[in-house]
Structure formats: structure tokens, C-alpha cells
Amino acid sequence: MILSLLFSLGGPLGWGLLGAWAQASSTSLSDLQSSRTPGVWKAEAEDTGKDPVGRNWCPYPMSKLVTLLALCKTEKFLIHSQQPCPQGAPDCQKVKVMYRMAHKPVYQVKQKVLTSLAWRCCPGYTGPNCEHHDSMAIPEPADPGDSHQEPQDGPVSFKPGHLAAVINEVEVQQEQQEHLLGDLQNDVHRVADSLPGLWKALPGNLTAAVMEANQTGHEFPDRSLEQVLLPHVDTFLQVHFSPIWRSFNQSLHSLTQAIRNLSLDVEANRQAISRVQDSAVARADFQELGAKFEAKVQENTQRVGQLRQDVEDRLHAQHFTLHRSISELQADVDTKLKRLHKAQEAPGTNGSLVLATPGAGARPEPDSLQARLGQLQRNLSELHMTTARREEELQYTLEDMRATLTRHVDEIKELYSESDETFDQISKVERQVEELQVNHTALRELRVILMEKSLIMEENKEEVERQLLELNLTLQHLQGGHADLIKYVKDCNCQKLYLDLDVIREGQRDATRALEETQVSLDERRQLDGSSLQALQNAVDAVSLAVDAHKAEGERARAATSRLRSQVQALDDEVGALKAAAAEARHEVRQLHSAFAALLEDALRHEAVLAALFGEEVLEEMSEQTPGPLPLSYEQIRVALQDAASGLQEQALGWDELAARVTALEQASEPPRPAEHLEPSHDAGREEAATTALAGLARELQSLSNDVKNVGRCCEAEAGAGAASLNASLHGLHNALFATQRSLEQHQRLFHSLFGNFQGLMEANVSLDLGKLQTMLSRKGKKQQKDLEAPRKRDKKEAEPLVDIRVTGPVPGALGAALWEAGSPVAFYASFSEGTAALQTVKFNTTYINIGSSYFPEHGYFRAPERGVYLFAVSVEFGPGPGTGQLVFGGHHRTPVCTTGQGSGSTATVFAMAELQKGERVWFELTQGSITKRSLSGTAFGGFLMFKT
């Protein structure tokens, strides 16, 4: 817009003024034509040295309005298609009808102005190559569409995320541009209003001069008035107006250069803005702002175009008026000269009078000529004064125009700097939008990652909860085993080992006493008879042999103990392997159970889908059809069952062998009988020996006594430790064998109960009911779990007969078993082991049974899913002092639970039966005292639906 405005004001205005002066005279403005080189475009100035004629070409902007079709939006519509009937069935009922969504484009008629640059002859030049100079030629008017600005295809669009500050700056810049445009229009109007006075004054002066010259025309018969006046006018114009127009042309040239540079920069900015617009997505508010801005720009463009058209019309009218005045003046002068010549040359009747008085007419000729020359001089002086006055006025006008042009140059520079700032701001906004897009993409990826992490955390949370539940069950089993072990240790009788050790010590003391008596008797016999020495020597040898025999027997006992220990370790390993095998078997059973449950759910879901697709009638027809054969033949099933039975028999034989080995080990683990005490013989003969032999014998006896004591201590320690570990291992092995044998018996009974009548099943040739099989296996597994937990719970809690609704004492875990046996659709059982003293609702957080998902452990209440009669039981272990609580039914009925124990605490249990509506809640509140914190807490809450109402 700025480029078109400045170009439309600068180019045609300068060329129009120069053309008007050039048409006034063909010879007087030659220096002006030579001085117009600085106002030509750069390309024209470069070709001046090569082709002198090329400088006569000038560029003219040409505009062309074109109409085009542009895609504005798309519309959706449905396409209906129908499958034709097959051949031979014209009235088929099952016709396949399809609908498909399609899109069609919607076009809009738009108009667009295409601007191009056309080269034409400069004002004052004609010809095919613009080589002829014609001062009378009327300059070709510029195309009326020059002031049109190429309309945008749409409103100005910015990238999303444009800041409000940038919008305010754009509005401020728009207001500044409108203000500058208004000033420029006022200046142009003022200049246009002052120019007609100058043009009107000049023809008036010329007309006055010509009229006075016509009065003296008959004085110069050989010279026309035009030849007399034109040199003077030419000289006057060259002297007074050439410097002014030269400086004016230089100013216009500099202004044109500045406008060209500014137009190039504005075009570059426009292209950059266009690229930003092409890569941006318009928003509603920015579209509205762009539409307003474009409307104002179009309005200003139209005003500038109208102003330019008015200026051109005025210049053209002035030029036409001047040309017509000069033509009329020339015609009038020619007419008068012709009349004068005719008057001088016409013959008359008074020719003699004229000839008679030539001297008398010739005498006043110098005086009249002198008077006429004086009059002409005065007229020229007045014309000079008038011209000087007009020149001063024109000088003032030109100074005003120069100041206006200077101000316009400053404003253009300011606009140029503002356009640079605007471009920088647009670039900054573009970078910010790109950063925002990158941040938005990163934020979206981070959101996706966080969602994935949250899902993973939920899965990990469920896995940890499941593992905690398994660890809790394992801990309960370990605590039960520990209690059983402590009970066994208390019942263990270790007095037999101590008696054996006392017997060994008595034997050692007897041996020592016998040695002392032998030494005394030897002393006595030595004095009495020397022959008794040989008998004593024999007795010592016998004692040595007995001691060696004791040592050998101790070594054999230690070897037997180590061998027994290794056998017990091997048995322990075998028991561990059997336990692992049993765990794997239980794991496989669980997997089969889950597979059966998944298959059952899939079958129910498929049945629902088939019912929705084909209808209940089609499903009933399909169910009434004869069932197809099984994928496996009954012979294969029979062979598989026989293999399973043989495997169970082999496993039973293996368990019998293992029991026999354990029995043998128990018999072998009994402590050996103590060796009989050997008395030395006193019947041997006596022999004499030296004193040195007796001293050596005494030392050997002392060392033998020490060795016997050491062996006794070692045997005592090893026998005690080995017996304790052996008893513990044997007890654990007995328990493991008993549990495994019972599990095998239960599996065998279950197997025979399920597949005992497989011959009848083969003869019936019907499919197995997987749902019934799954239900049977579930019930057997639950009974097995109840049987496994019964011994441990029997050791801890004992059931008491309920005389009243309110009783005291622990409650066994028979409630869950009763629920499993009854097959109630709604049942729950939960416990609370953390302990609390807050007077609020107790949240039983450990849930063992929750059939129907009606109990919410996070809130601690049960919500009835159906209307019916429910049975509830709550057992609370209160802390020291009195404790009180209440079982709340729907907020309107309360059943108290209290205890008055003053000791270390007591347990209170309450049973209640109530009819609940659907959605009513039941919970337990602590109103006084505290609840004891225990790992195996007796604080529990349970209930189930007895029947619906």
C-alpha cells in the first residue's frame, strides 16, 4: 500500500509537471529535458552511455483485475448404495443397504488485481522507439488502476499464540500510518490548489503581452508577433525558472530513489509476512482484526487513488487550457496579421492622395514608433514585475513543497524504521510460536509418558498388594508352624540322654575306683608276695583293652551319628523337592482354574454377543441341534485317565517307601546301650616288678583317665545336639509326610469322584459341562483350604456355643466356610490388625472374602446390592479398660458391642440379622476405648445375604 501510494504521488506528479512545461515551448526547455536524467530509473541511467534513445523509456505500473475460483470449505454428504437382488429373485427380502460418508469441495468466486510493470515513452517523446521529441504531445495518462493495491486472498493471519502486545503495536502503527496519510493528502491538496493560480497567471500575462503587441503589429510588416515575443519569453523562462526546476527535479530524483529503496524493503517485508501467513493458521480474532485492517487499507487506497485521479485531471485540464489559449493566441495573431497585410496591400481610389503626401505620413512615423516602443517597454516592465511577483510566490510555493517533501522523507524514513521493527517483532513472534509448538509437543509426550507410568504404577500396586496378601498368608502359616514347634519342644523329654550320660560317668568313676583299689592291693601284695605283680600286669592289660574297645565303640557311634545326620539331610532335601512338586501342582491347578474361568467368561460374553447379533430365537434353534463330537475321542480320554491313575499309584508307593525309610531312621537314631563295666581279675599270679614299671603304669592310667573324660564330654555334647536336631527334623518330616499324604488322598478322592464313571461317560457320548466341572473344582479347593487352616485355628481359638446374641470370646473362621458351603451370591469377611484409639468408623482393611464386591475396605462399610435379609457378625478385641462400639444399619438402627473388662483387654462378639433395602450401608463405629494392635488380630467383620425379599 505504501509503495503504490508513494509511487502514484511521486512519479506521475513529477512527470506531469515536466511534461506541462515541455509542451509550452520546444526550444526553451531543452535544458530541462537534459536535466531530467536524475529522475529516471536506475536501469535507464545505466543504459544512457550505450543508447541515447533508451533514456526516453519510462516504467508505468499496469493493473489487471482477474476473477478466479478459490476453495473455501468442504461439505459432507451421504452416498446411498444398495446391493441388487441376485438373478432369478426379483423380490428378495434381504437387500444389503450401505451408507457412505463423502466430502465435496465448495468454491467461492474471488477477484484479484495483478500488477505488472509496462515500459512506455516518457512524456514529450513519441515514435516507435521514443526517439522523436514532441513538445506539443499530450503525455499518456497513467493507468487508472495504478493506485489499486493487490488485494489479499484473505484476511491477515498470524500464527496461533500471537500476543496481545503485538496486536496493540500493530494498531498503533496503523493509526500512525493513517495520520501520515492524512498529512500527505492535505499537502497534495494544498499544492494542487496553488498550482492552478500559477498556470492561470502565466497565460494571462502572455495574453496581455500579445494583445499589446498586436497593436503595434502593423509597424513590423516583415516580422510576425510570435517571432518577436517568443525569444523574450524563452529568455525570461530560462533565466528565472531553469534553476528552480533543476533543483525541483533533483529533489524528485532523490525522493524517487528513497521511494524505490523503501518499496524494495516493503516488498521484502510483504513477502516475509506472506510466508508467515502461509505457514500460520488463522484464528477467529486475528481474522477479524485482519479484516478490519484490510478494509481500512482498501479505503485509504481508494482515497489516495481518487486524490491522484483528481490531481491528474486538474493537471490535464490546465495543460489543455494552456494549449488552447496558446492556439487561440496564435490564431488571433495570424488573423490580425493577415488583415493588416490585406489592409496595406489593398488598392483604393485615393491612391493619388496617398502618393501625394508620403512625406507628411512619414514624418510622424519615428514618433509613433518611439511611443509604441516606450509602451512596449512599459508593458514589459509591468510583465517583469508581475513575473517577479509571481516568481516570488512560486519560490515560496516551491519552498513549501520542498519542506513538505523533506517532511515526507522523514516520515518515510520513520515508516521504514517502523517496518523494520514490525518485521523484527513478527520474527520474534514466529520464534516464540515455534518454541510454544515445541513445548506443546514435549508437554503432550510428557503427558503420554506420565499416563503410561501411572498405568505401570497401578499394575505394580496391584502386584504388590497381591504379594503382600501372599506374604501375610505365608506369615500366618509360619507362625502356626512356630507355635507347633514350640509346643513340641515343650513336650519333648530329654531326660533319657542325661541318664545315659550319668551311667557313663558312673562307669568312669567305677573304673577309677577300681584302679585305685588295684594300686592299693598291689602295694599290699608287693609287700606280701612278689608274684602278684604279674597278675596286676595282666589286669592292666585287660583294662587297656577295655579302654580301646570303648574308644572304638565311640568312633563307631560318631560315624553312625554323622551317617544318620546325612540321611536326615537327604530326607529333608527330598521333602523340600516334594513340597516344590506339590507347589507346582497347586500352581498348575490354579492356572487350570483361571483358564476355566477365562473360558467360561469368554463363553458367556460370546453368548451375549451372539444373542445381540442373531436374537434369542436363533440361539434357541442352535441349542436344540444335536451336539457334535468331542475334539478328543473317549478312548484317548480313557487312556489318559489310566495313565494318571498309574502315576498316582506310583506316587503312593513312593510315599510308602519314604515312610519305611523314616521309620528305619527313627529306630537307628536310638542311643546305644552303655558298655558293660569290666572288672579286673584278682586271681592272676603275682610277679615282682621294678619301681619304674609301677610309676609308668601310674602315668598311663592318669592319661587314660583324662582321655576318657574328654571322650565323655565330646560324646555328651554331640549326642545332645544330634538328638535335638534329629528330633526336630523327624518331627518336621512327620508333619510334611502327613500333610502330603492327606493332600494326595484328597486329590485321589477328587479324581475318583470326578472321573470314576468314565465308562458310562464314554457310552453316553455327550460333551462335558465345563461350568459344572469348574464349580466342583472350586468347591473342592475351598474345602481343602478350610481343612488346612482348621488345625491352626483350632490351636488358637475354640468355638463356644452361642446362648445369646451377645457373647464374649474369639470367633472361629467358620463364617467364611459357611458362606462357601451355602454358595451365597453376596458375602464378605474382613479383619483389622492395625489398632486404633480414634472414635470413628473402623476400616477393616484386610479383606479375605468379598463376593459381589459389596464391601469397600477403603471406606469401611458394606453396601447392600440387593433387597433381602442379611446376617452380620463383628468381633472386636478391645484394649485395657472398658470398650464400647456399635454396629450401624443405614444410619437409623444401632446394635451395641461392649465389654467391661478391667484387665489387659477382652474380646466382644455380636451377631445381628436385619432386612436391608438396596443401597443401604452397614458399618462399625468405635465409641469408647481402643482396639488392640496384633499381627493375627481377632477384630473382624463379616456378613452374607441369607435370602432376597
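Please read every residue number as a count from 1 along the shown chain.
Backbone N, Cα and C define each Cβ position, glycine as well.
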In Swiss-Prot, which of 20-40, 41-61, 167-187, 923-943 is labelled coiled coil?
167-187
Taking Cys130 as one end of a disulfide recorded in Swiss-Prot, give the other end from among Cys92, Cys121.
Cys121
In Swiss-Prot, which of 197-246, 547-596 is labelled coiled coil?
547-596
From Ser63, Ser116, Ser725, the one Swiss-Prot labels O-linked glycosylation site:
Ser63
Given 133-157, 883-907, which one carries Swiss-Prot's region 'Disordered' label?
133-157
Around the Cβ of Asn472 (N-linked glycosylation site), how many other Cβ atoms lie within 10 Å? Please give the count over every shown protein chain.
15
Given the recorded positions Thr67, Thr115, Cys122, Asn379, Asn845, which one's Cα is the least distant from that of Cys130 (disulfide bond)?
Cys122
Sequence gap of 6 or more, Cβ distance under 8 Å: name the residues on the same chain that satisfy this around Thr67 (O-linked glycosylation site), in order along the sequence.
Val109, Lys110, Gln111, Lys112
Arithmetic mean of per-residue pLDDT over the domain 'EMI' (54-132):
77
Using a 10 Å radius around its CB, how many other CB atoms surround Asn379 (N-linked glycosylation site)?
17
Rounded inter-Cα distance in Å - Cys58 (disulfide bond), Cys121 (disulfide bond):
6
Using DSSP, how many residues in the domain 'C1q' (821-949) fall into helix, strand and coil?
2 helix, 72 strand, 55 coil
Quick one: of the recorded positions Cys85, Cys121, Cys122, Asn261, Asn472, which has its CA closest to the CA of Asn439 (N-linked glycosylation site)?
Asn261
Taking the Cα of Ser63 (O-linked glycosylation site) as the centre, which of the recorded positions listed as Thr115, Cys121, Asn472, Asn845 lie within 10 Å of it?
Thr115
When the Cα of Cys122 (disulfide bond) is compared with the Cα of each of the glycosylation sites Thr115, Asn261, Asn379, Asn472, Asn845, which one is closest?
Thr115
